[in-house]
Amino acid sequence: MDTKKLIEEAKRARSQAYVPYSDFPVGAALLTKDGNIYHGCNIENAAYSVTNCAERTALFKAVSEGNRDFQALAVVADTDRPVSPCGSCRQVMSELCPPDMKVILTNVQGDILETTVEKLLPGAFHSGDLHGK
Ligand SMILES: O=c1ccn([C@H]2C[C@H](O)[C@@H](CO)O2)c(=O)[nH]1
Ligand SMILES: [Zn+2]
């Protein structure tokens, strides 16, 4: 699957965003190693902090369906630069995805930044850190 196709899928996911408070729809498309795509959008709440980002929606959907073998994630929003995932999503990506997994960040103008999970959160807190307690 090429980058362009995965970005198109992220745009499709973005159209489902539930964003009555921010009016800032975000879409994500998560490609698994077996070629499935899990779509994610942001889903907001009147209690703002309960909001779920597009990236975590896609990741949680995949895990809840029994698929954890991820190959790439594309994210799109209407930003001046390629959309920058929030800290919570970076932490969840670092928990669930391989460190060298491709993350494609883009915006509606078509700017693209290809990065990795590790580069988005260098030195992430992880399960190994719990063992020294
Ligand atoms: O990478 C991002 C950045 C923000 N949001 C959402 C959270 C909230 O619904 C809205 C404004 O922060 O955008 C995402 O889904 N992903
Ligand atoms: Zn987020």
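Cβ coordinates are placed from backbone N, Cα and C, and glycine is handled just like the others.
Curation plays no part in TrEMBL annotations; they are all automatic predictions.
Here is what TrEMBL says about this protein:
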- E55: active site, proton donor (ACT_SITE)
- N42, I43, E44, N45, A46, A47, Y48: substrate binding site (BINDING)
- C53, C86, C89: Zn(2+) binding site (BINDING)
- 1-128: domain 'CMP/dCMP-type deaminase' (DOMAIN)
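Sequence features, as recorded in TrEMBL, placed on the structure.
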residue	record	contacts (Cβ under 8 Å, 6+ apart)
N42	substrate binding site	A17, Y18, V19, S22, F24, P25, V26, T51, N52, C53, A54, T57
I43	substrate binding site	A17, Y18, T51, N52, T57
E44	substrate binding site	Y18, V19, P20, Y21, S22, T51
N45	substrate binding site	T51
A46	substrate binding site	Y21
A47	substrate binding site	none
E55	active site, proton donor	V26, A28, G40, L73, V75, P85, C89, V92, M93
C86	Zn(2+) binding site	C53
Those binding-site residues in E44, A46, Y48, C53, C86, C89 whose CB falls under 6 A of ligand 2, listed in sequence order: C53, C86, C89
Those binding-site residues listed as Y48, C53, C89, and which of them has the most Cβ atoms within 10 Å of its own Cβ: C89
Integer average pLDDT (0 to 100) for the domain 'CMP/dCMP-type deaminase' (1-128): 98
Those binding-site residues in N42, E44, A47, Y48, C53, C86 whose CB falls under 6 A of ligand 1, listed in sequence order: N42, E44, C53, C86
